[in-house]
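Structure, as structure tokens:
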Amino acid sequence: MTSPRGAYINNPDVFYYLVFGSMLFFSAIIGIIFAISGVHKSHKDYLMAGRTLHCGPVALSLTASFMSAVTVLGTPAEIYRFGTSFVLFAVAYMLMVTISAEVFVPVFYRLGISSTYEILYTGIVIYSPSLALNQVTGFQLWGSVAATGVVCIFYCTLGGLKAVIWTDVFQFLLMIMGFLSIIIRTMVIKGGLGPILDDARHGRRISVIDFNPSPLQRHTFWTIIIGGTFTWLGIYGVNQAQVQRYLACKSQHHAKLSLYINLVGLWITLFSATMCGLSMYSVYKDCDPWSAGFVKAPDQLMPYLVLEILGDFPGIPGLFVAGTYSGTLSTVSSSINALAAVTIEDIIKPNFTLSERGLSWASISMSKFALCLGMAAIASVMGALLQAALSIFGILGGPLLGIFSLGILLPFANAKGAFSGLLCGIVITLWVGIGSQKYPPSIHRTLPLSLTTKNCPKLNVSVVTQLATILPPSPSPRYVQHFLQEYWYSLSYLYFSALGTIVTFTVGSIISLVTGKIFKSRTKLTAFVVFLN
């Protein structure tokens, strides 16, 4: 397949393989180095890095873990299609980091708290860079999915959490270099930053802040600030892959400081991805590759753009794919390590008597690789990567945030209330989440911006026709479904986490009051939370 400007897809040069292979090689070397240094002495050294880490590398690891390939591929496509309203997440990140550092870190620093939705998210981030590899190199899609898991397991198995942390640092730098290569090259093509911003303004990509209070609009000031804060709080506040990094810090002060430094990393990543989205629009404002059929999905636009503008530079396409793949390696390795920690602490240690070395080797076997591949298959049918990832964070992360908040904030909470609240929260969020997948919100809720193919070579498609093509047709629901589809299933995906948290917390509070005495001991609640984990 060729691009409209003559860039050849699926024809990488030797420099591509050299750059990409170097990334894999250095990731593996880091694992080998820490294996030699003795991380297998005890399961604490292997899973918790001996609680000796400083805030700097932990901060970059926090940023890399959940920015991942979903950010590299999904955020620029989001900006390209919907404009810069997504940048408001910078405020949501700030609120989330402050709450996590000042509320959750002091409580969790001495506890091994875990979460349950690593596996499905891991499936998404395994699948997403495979799209890039498939688009740019012609590698078999599921072959690259399997390769991702194998590489991650290799250095996780050898080096434990220390290897995960330091490979995250290396991979974060690669992600940013990939972004910068696109931004700089586009500025050279367009003659500077000014023309890129002018194109964005004329194409209405520089979004005016929408203060519409409706929770049904996909992105407004309120959905991003409120919903985004709840969504990311479920990740940074109670997620095992993140909390495990706090526990690995040498002190609570370093744990808090790592979060605040991580905030800068989140802002840098968000700004870089936004500029890539605007650069993409500047290049394709008169010929949208997705609408023209040159790519099959919006999430393939970034690797397509790389081939378009950087294909003549030896090795640079490999740098982008290496950066994308690095994001996935970071997230998957974090999840593998976190899942191992949960299994060891909550299943093996309470039921089996093993030596420290035995626990270390048991940790190595807890990869969950086959299950992650199964989740990758589910991810392949979930639509746009960015929205799919954040939806999962909300659907399962919200109820978990609610139950932990219940235990922390209410002294009278008990196990019955926690179980009832969690059950109700999960049922409600699954209901709205699955319904929104089956009945996507209508166009006036999502408000995608116009795209055109008017200047695409060998095409003669009018703007009106093209808009009819790119916008999904409005469904014709039965009367019984109309209310659910137009209102309940149209709830902004960013509110899934807030909905789950509120339902879980409210139901849990009421049931705890009804079934227990106020200020009753929370021993049963603590046991229930440990059981869940």
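Cβ coordinates come from backbone N, Cα and C, glycine included.
Feature annotation from TrEMBL assigns transmembrane segment to 14-40 (among others).
Here TrEMBL flags 52-73 (among others) as transmembrane segment.
Residues annotated as transmembrane segment in TrEMBL: 79-100 (among others).
Sequence annotations record features per position, and here TrEMBL assigns transmembrane segment to 107-127 (among others).
As annotated by TrEMBL, transmembrane segment applies to 139-158 (among others).
Away from its own ends, the transmembrane segment (170-189) comes close to residues 23, 26-27, 30, 60-61, 63-64, 67, 71-72, 196, 265, 268-269, 272-273, 275-276, 279-280, 282-283, 302, 305-306, 309-310, 313, 316, 319-320, 322-324, 326-327, 329-330 of its chain (Cβ-Cβ under 8 Å, at least six residues beyond either end). The transmembrane segment annotation in TrEMBL covers 170-189 (among others).
The transmembrane segment annotation in TrEMBL covers 220-238 (among others).
TrEMBL lists 259-284 (among others) with the feature transmembrane segment. The list of residues near the transmembrane segment (259-284) in space but at least 6 beyond its ends in sequence, with Cβ under 8 angstroms from a Cβ of it, reads 55-56, 59-60, 62-64, 67, 71-72, 75-80, 84, 86-87, 89-90, 93-94, 97, 100-101, 105, 172, 175-176, 179-180, 182-183, 186-187, 189-190, 195-197, 199-200, 203, 205, 236, 246, 301-302, 305, 308-309.
According to TrEMBL, the feature transmembrane segment maps to 304-325 (among others).
Annotation source TrEMBL lists transmembrane segment at 392-410 (among others).
Taken from TrEMBL, the feature transmembrane segment applies to 417-434 (among others). Beyond the transmembrane segment (417-434), the same-chain residues lying 6 or more positions past its ends with a Cβ under 8 Å from any Cβ of the stretch are 391, 394-396, 398-400, 402-403, 406-407, 488-489, 491, 493, 496-497, 499-501, 503-513, 515-516, 525, 528-529, 532.
Per TrEMBL, the feature transmembrane segment maps to 493-514 (among others).
Taking pairs at least six residues apart, the transmembrane segment (79-100) and the transmembrane segment (52-73) share fewer than three Cβ pairs below 8 Å and do not count as touching.
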